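Asker: Before anything else, here's the structure in question.
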Amino acid sequence: MAESILNSINSPVDLRQLPAEKLTQLAAELRRFIIEIVATKEGHLGASLGVVELTIALHYVFNTPKDLLVWDVGHQAYGHKILTGRRDVFHTNRQLHGISGFPKRSESEYDTFGVGHSSTAISAALGMAIASNLKGETEKQHIAVVGDASIASGMAFEGLNHAGVTKANLLIVLNDNAIGIDPSVGALKNYLTKARVGYRPRQANIIEALNFKYYGPVDGHDLEGLLKAFEALKKIKGPKFLHVITRKGKGLKKAEEDQVKYHAPGKFIPDTGELLPYETKDLSLKFQDVFGLTLVELAEKNENIIGITPAMPTGSSLKYMMDAFPERAFDVGIAEQHAVTLAAGMATRGFTVFCAIYSTFLQRAYDQVIHDVALQNLPVIFCLDRAGLVGEDGATHHGIFDIAYLRCIPNMIIFAPLDEVELRNMMFTVQQDVPAHPVVIRYPRGRGSRKEWQLPFETLEFGKAKCLKEGSEIAVLSLGSIGINVHKAIRELSKDSRIGHYDMRFAKPLDEELLHVIFKKYKKIITIEDGVIAGGFGSAVVEFAQKNGFFVPIEVLGIPDQFIDHGKVEELQEIANLSVESIVSCLTSQLD
Ligand SMILES: Cc1ncc(C[n+]2csc(CCOP(=O)(O)OP(=O)(O)O)c2C)c(N)n1
Ligand SMILES: CC(=O)[C@@H](O)[C@H](O)COP(=O)(O)O
Ligand SMILES: [Mg+2]
């Protein structure tokens with residue numbers, strides 16, 4: 001058996017000692033290594049398999065880390081991590097205290113820029129390149145690797161537009177596999193598809209028109225061709241662009257065939273790619289599916305309903321509506337800002353628009369939420385998926401800021417369902433009797449707590465909470481599905497009659513009528529939310545108490561003022577004192 005080349009590489013310095021003929025074997029080993037680890041430890045698969053040759057070629061030709069290599073999104077950077085000194089810890093990828101699933105500056109000098117959200121690489125690399133010019137480091141190379149879905153985002157265009165009028169020594173590598181998580185969309189995608197098969201416009205192509213030197217397309221799995229292209233590009237000054245064609249999932253048949261599923265497939269058999277069944281007795285549906293299926297159910301009766309997703313049809317389950325009503329459901333690509341203002345535009349014309357966005361990605365569209373929606377009081381319905389701690393994606397993806405960043409905006413209604421039934425009922429309510437305000441419905445990643453979720457719809461009253469259990473001394477006010485942990489904690493305490501539990505449902509408006517009753521009745525209040533403490537739901541309750549002259553002690557549980565890394569949701573909840581056990585000990589200490 002041939003000796004392992006991969007095992008001999010502890011950094012790109014070792015890689016660059018290899019004769020070029022050895023790189024094909026290295027690519028095979030690297031691909032196999034990624035497959036074996038991801039098969040058991042889980043994570044993003046298809047994107048990294050698709051850039052194995054590209055990763056090797058970049059580190060082989062360029063003098064990393066002196067030359068600066070920036071990955072966009074970073075879910076495709078597993079090969080980069082393995083070749084840059086993290087092979088032996090790669091099995092800890094995305095686990096608590098293990099390495100991050102994305103490039104992270106604190107992890108390695110080869111990770112030049114922290115990522116997780118898309119379309120930042122061009123701006124970041126351009127910033128580095130301009131800085132190098134200012135420092136007189138004119139020989140330094142700056143390379144941004146960006147995907148075909150990510151380059152269609154507004155931010156990437158902003159970077160291209162700027163770069164084209166600079167003398168920055170910037171190479172943009174477009175990794176074009178014609179797919180994001182779901183198939184790429186839009187006019188640029190159509191243009192790139194034509195370019196893949198050799199179409200050359202009679203005048204400058206889009207990229208050349210922006211003042212870049214354009215090269216390609218080249219086959220991203222042909223190591224020899226890539227080495228040649230990079231060697232040539234190294235000598236060319238200024239902004240330049242290499243169009244590389246790759247195949248997502250390359251090297252694992254099933255991953256190539258079903259690229260959507262194998263974006264992040266969960267556990268599978270490494271040799272065949274066959275997926276292993278999800279290990280759970282929990283038969284509840286995912287919140288995203290309750291959202292997606294309920295939207296179809298409602299849209300069947302209400303022709304006014306529109307659905308919008310920025311590039312997450314599968315992740316948000318808007319795909320159900322896209323299949324059922326293609327003319328009323330839109331995947332707009334990685335374009336959160338556009339998605340929000342598009343929804344606002346449709347709302348001005350009387351449509352009931354459900355804009356499904358992951359909580360963390362709505363951060364991109366903050367001004368659009370304020371300026372285009374809230375200021376005009378347009379009744380857009382934001383369905384914020386992945387709210388709260390999301391687990392293994394970590395700090396870049398936790399949806400923990402939304403309550404705080406949305407609560408301060410006038411006109412907003414912010415609702416968080418305890419369970420799937422409340423989610424459905426709120427969706428039913430907002431489309432039946434469209435409020436004169438924007439509405440946010442935030443719900444978590446993963447499965448709910450109800451097996452029977454498809455109950456007959458009920459109308460919910462805006463700004464009204466629900467008492468789940470009366471008590472006499474301590475009132476726990478929970479917002480959203482974290483209330484299930486409170487419920488379990490109270491059950492562990494044998495439903496102690498001193499503890500009351502309220503499902504507050506709305507962070508805005510608060511149920512002030514009920515709060516008056518609670519503050520008069522109880523000796524102590526505990527608020528709990530799966531969002532940041534600063535400015536969140538608990539802060540709203542504290543503001544209420546101050547405004548109304550209540551001096552009952554209030555303990556606010558939520559995410560402390562720090563970024564939370566990756567790990568299982570339960571582990572992270574433990575760290576943030578939001579787990580069932582933490583709530584039990586909090587309640588026990590208050591009752592003693
Ligand atoms: C701002 C933002 N929106 C959405 C996402 C979710 N997301 C992660 S990867 C991805 C698709 C990226 O596709 P592409 O750029 O083509 O890269 P590939 O996966 O093909 O390597 C999306 C939509 C994100 N990370 N950031
Ligand atoms: C890299 C990225 O942003 C997405 O792939 C994200 O990891 C998807 O998250 P979910 O698994 O929660 O859909
Ligand atoms: Mg792609």
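Note: Cβ is positioned from N, Cα and C throughout, glycine not excepted.
Bear in mind that TrEMBL entries carry predicted annotations, made automatically and left uncurated.
What you see is a predicted model, and the numbers here were worked out from it, not measured in a lab.
Among the features that TrEMBL reports, thiamine diphosphate binding site is placed at H75, G116, H117, S118, A149, S150, N177, E336. The Mg(2+) binding site annotation in TrEMBL covers D148, N177. The feature domain 'Transketolase-like pyrimidine-binding' is assigned by TrEMBL to 285-451.
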Asker: Under 6 Å from ligand 2 by C-beta, which of these binding-site residues make it: H75, S118, E336? Sequence order, please.
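Answerer: Going through H75, S118, E336 in sequence order, those close to ligand 2 turn out to be H75.
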Asker: Among H75, G116, H117, S118, A149, S150, N177, E336, which the record lists as binding thiamine diphosphate, how far apart in Å are the two most distant Cα atoms?
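Answerer: Per the listed residues, the maximum Cα distance equals 22 Å.
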Asker: Let me make sure I understand the structure: which of the binding-site residues listed (D148, E336) has the fewest other Cβ atoms within 10 A of its Cβ?
Answerer: D148
Asker: Count the Cβ atoms, other than its own, that fall within 10 Å of the Cβ of A149 (thiamine diphosphate binding site), considering every protein chain shown.
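Answerer: There are 28 of them.
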Asker: Taking only the Cα atoms, work out how far N177 (thiamine diphosphate binding site) lies from D148 (Mg(2+) binding site), in Å, as a whole number.
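Answerer: Cα-Cα distance, N177 (thiamine diphosphate binding site) to D148 (Mg(2+) binding site): 7 Å.
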Asker: How long is the line from the C-alpha of D148 (Mg(2+) binding site) to the C-alpha of S118 (thiamine diphosphate binding site), rounded to the nearest angstrom?
Answerer: 11
Asker: Quick one: what's DSSP say for S150 (thiamine diphosphate binding site), helix, strand or coil?
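Answerer: Reduced to three states, the DSSP call for S150 (thiamine diphosphate binding site) is helix.
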Asker: Among the binding-site residues H75, G116, A149, E336, name every one whose Cβ is found under 6 angstroms from ligand 3, counting any of its atoms.
Answerer: A149
Asker: Give me the long-range Cβ neighbours of G116 (thiamine diphosphate binding site): same chain, 6+ apart, Cβ under 8 Å, in sequence order.
Answerer: V73, G74, F102, D393, G394, A395, T396, H397
